[in-house]
Every structure is written in structure tokens, then in C-alpha cells.
Amino acid sequence: EWDRWLLMGLIGTAVGMLGFLIHQIIDSLIKLKWDLVENYLQVSKRKSDGNIHMTWLCALGLGLAMVVLSSGSVLFICPAGSPSGLPEIIGYLNGTSIQHLFNIKTFLGTFVSCVLAVASGLFCGPEGPMIHLGALLGCGLSQLQSDTLGIHLPIFTRFRNSADKRSFITAGAGAGIASVFRAPVGGLLFTLEEVSSFWDIRLAWQTFFCCLMATFTTDLLSSSLYGFVYRGHFGFFEAEKRIIFWNLLDMNVLAFIPTILLGMLGGLLGALFVSLNIKINKSRMQFFNSIPKLSLRKTIKLLETVLILTLLMFCISLCLFLCVAAAALLMENGKQGITYLFKRGTHEEFGYTSLCSALAFYFILSCWTAGSAVSSGLVIPMLYTGALYGRIIGLTLVSIFGVQTNEYGAWIDPGLFAAIGAASFFSGVSRLTISLTVIMVSMLS
């Protein structure tokens, strides 16, 4: 079995490198976008004609350019890459045959669409596409053949059967989620709980090894490079880059009351999100199926993503006039925004108006974005939405009991309840329990 373990290690390493590359490109594109907007604003100020409307149009134009390229790559290059790929992977691993799901065009189209969609500012994340890309690497590296490229290498030929192919795809999908969250156990449990129905103990150990290699590779590369610039810290895993809560809070039995409330709220809002998303996608399918011409149908799908981003920018501009803090929450990169909401000791940094406004806009627009013609994931929107209403509950407790500095009242912290709210909404939408708990513990401690 040495060759099977070797392939699992290679798949994990490749997925880890891909995860590092995706995050680096997304961060670089976001920085480039806002640097261009900032430079434009400074030039306008020097000319004494600083026009906030033109600056807004500049930001909108850059976002729209990314969205058009993102949507175009899945509509005209790889339709199998839209929108997230996770349902297709689950369907394939449970016996459904889907054309063009594991070819090189789907890989390239999904990769390009994912990084551009997240960097554009749409309310989405790279997690779903990363699972799809991990499964693609698991398939490609295990089979070592491609009809598109005309490659048929004469090694590892004994794995060219449906059972082994399915095992390597399962491991690649788990490595994808492990690379995103730096959670190898979470990646294993995710594949067991959500992805595959065909399982045995040998596959469990091999998938765990694959997830370990993916996490280690991503961490190793991230330790030395940031924005593709070498920092000279190769192999030094900085704690503040990984751990959001430095130490665990001493808990009071009273904390379980708002926790139960958040769990119920997560289930109700999660059910509402799923129900609303199903209705939106049914209406979307009926509308597009009524258009007989394929080229026109694809063009309108592309215009829908443009409309979503335009409405998002309009909501941000509206919040700039009504509540600047809400605009800051909506403009912030999803991963960074979640970190702000989880931050402890910031009891009164965000008020009710900013949190409620951001929650309303984020809930609706993320629900609309899910299923549109871009390769995107739902994990970041789920965590962000839950963190917003969790922080509202935490802020309510602060309003009732005040800011507590003693050890018995330290649990009354909006950042703590933001984390609990994020887990509750994630669970309410995805119906995950065990793997979600492990992923959240890996993120927070």
C-alpha cells in the first residue's frame, strides 16, 4: 500500500500549495483594488476636486471588472464550475455521473472565477470551490491521465478504476477544507459527515494523512511568504495568524441561556436562508429556461452578477450616509471582518444600528449571490452572518449587565457570542454538527 500512501501525501501537498496560492492571490487583488482607489482619491485631493462620487465609481468599476471576468470564466469556459462545485462532488461520490466535472478546463475556470469573485467584494468565500479544486487534484494526480491534454502516464495504473478514483477524490475534497481552515481533523470529519457515503477505516486514516499534509504545506508556505514577498520566517508558525482567542474564557452557567437562544436562532435563520435560497434559485432557473437562445441566456446570467455587485456597492454607499460602521463591516474582506467581530474586549466598538444594518444587507445579498454564475462558497457568509447576530446578543447582555471586568462576568463579551452565533448559523444552514465543532475549535483556540 506504499504507493497509495504516497499518492495521498502528494495530493495533500498539492492541495496545500493551491490553498496557499488562492489566499495569496485574493489578498493581493483586494490590496491592489483598494490601493488604486486610495491613489485615485489622493490625486483628486491634490487637484482640489476631490469627488467622492468618482471614487465610488472607481471602486465599483474595479469590482465589476473582476465580476465580469469571474462570471465569464464559468459561463463560457467551464459551466461545470458554477457555482461552488460542492453539490456536484457530493453527487458524484454518491453515484451520479456529471460531465466535465474533472477536466482541466473546469479546474482553470473554477480557480480564476473563485479568486476574482472573492476579491471583487461579493459576499462569498473560497471554501466551496476549494473543495472542488481539491477533488480535481485528487482525481488528476491519482489517474495521471488527461484526454484534454493527451497525457496517459504508465504509472499508478492500478488506481484507474472507479472505487480508487472515488477514494482519492474524497481525500482531495477533505484536504481542500483542511487547507482553508487549517483543520486536518475537521477536513476528515467533513468528508465523513457531508461528502461521501462509501467509507472504511483504511480510507479514514489515508484521508487524515492527506488533510495533515495539506494543512502543513499551507502553514509552511504562509510562514515565509505574504503577498508573494519573502519575509524570512520559513517554518515559523506565528500564533496570532492562526489563533483568534488567545485563551479560553472562564464560563458561568448563566452563559448557557444566551447560548441556547443563539442555537435556536441559528436554526430558524438557517432554515429561512435555505428556504429563501431555494426559492431564488427556482425562480432563477425558470427565468433562464424561458430564454431559448443559449448565448443570450449566458449574457443575462453574467449581467445578474453585475447587478448583485452594483446593489452591494449601493448598500455600502447608503450606509456611508446613515451609519459609517455598517459600511465598514460591509466593505471589509469577509475573513478579516469575521476576525473583527470575534475580537474580545471590544464591547462597544459596534452599535446596534451598524450590526443590524449589516446583518440585513449581508443576509439578503449573500443569499442572492449563492447560486449565481460565479464560483463561490458559502462558509464565509454563514460565519459572518452568524457573527453579526451573535454580537447583537452579546451587546444586549452588555447593555443589561454593563462591561464586566471581574473574572465572574468576563464571559459577557460580544466577541465570544459572535463566535457562538457564527457556529449556530453555519450549523443551521449546513446541518453539520461534529465536523463544524472541530473546525470552530481549530479556528478559535
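Backbone N, Cα and C atoms are what each Cβ position is placed from, and that goes for glycine too.
Straight from TrEMBL, the features:
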TRANSMEM  6-26  transmembrane segment
TRANSMEM  54-82  transmembrane segment
TRANSMEM  102-124  transmembrane segment
TRANSMEM  204-230  transmembrane segment
TRANSMEM  251-276  transmembrane segment
TRANSMEM  306-330  transmembrane segment
TRANSMEM  350-371  transmembrane segment
TRANSMEM  383-403  transmembrane segment
TRANSMEM  415-444  transmembrane segment
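In this chain, the transmembrane segment (306-330) touches the transmembrane segment (54-82); three or more CB pairs sit within less than 8 A of each other, excluding pairs fewer than 6 residues apart. Comparing 102-124, 251-276, 306-330, 415-444 for CB pairs under 8 angstroms to the transmembrane segment (383-403), the maximum falls on 415-444. In this chain, the transmembrane segment (415-444) does not touch the transmembrane segment (204-230); fewer than three CB pairs sit within less than 8 A of each other, excluding pairs fewer than 6 residues apart. Listed as Cβ neighbours of the transmembrane segment (6-26) (distance under 8 Å, sequence separation of 6 or more from its ends, same chain) are residues 111, 114-115, 118-119, 126, 130, 133-134, 137-138, 141-142, 156, 159, 168, 171-172, 175-176, 179-180, 206-207, 209-218, 220-222, 225-228.
Long-range contacts of the transmembrane segment (306-330) within its own chain (CB-CB distance under 8 A, at least 6 residues past either end) are made by residues 56, 59-60, 63-64, 67-68, 71, 120-123, 337, 340-341, 350-351, 353-355, 357-358, 361-362, 365, 368-369, 372, 388.
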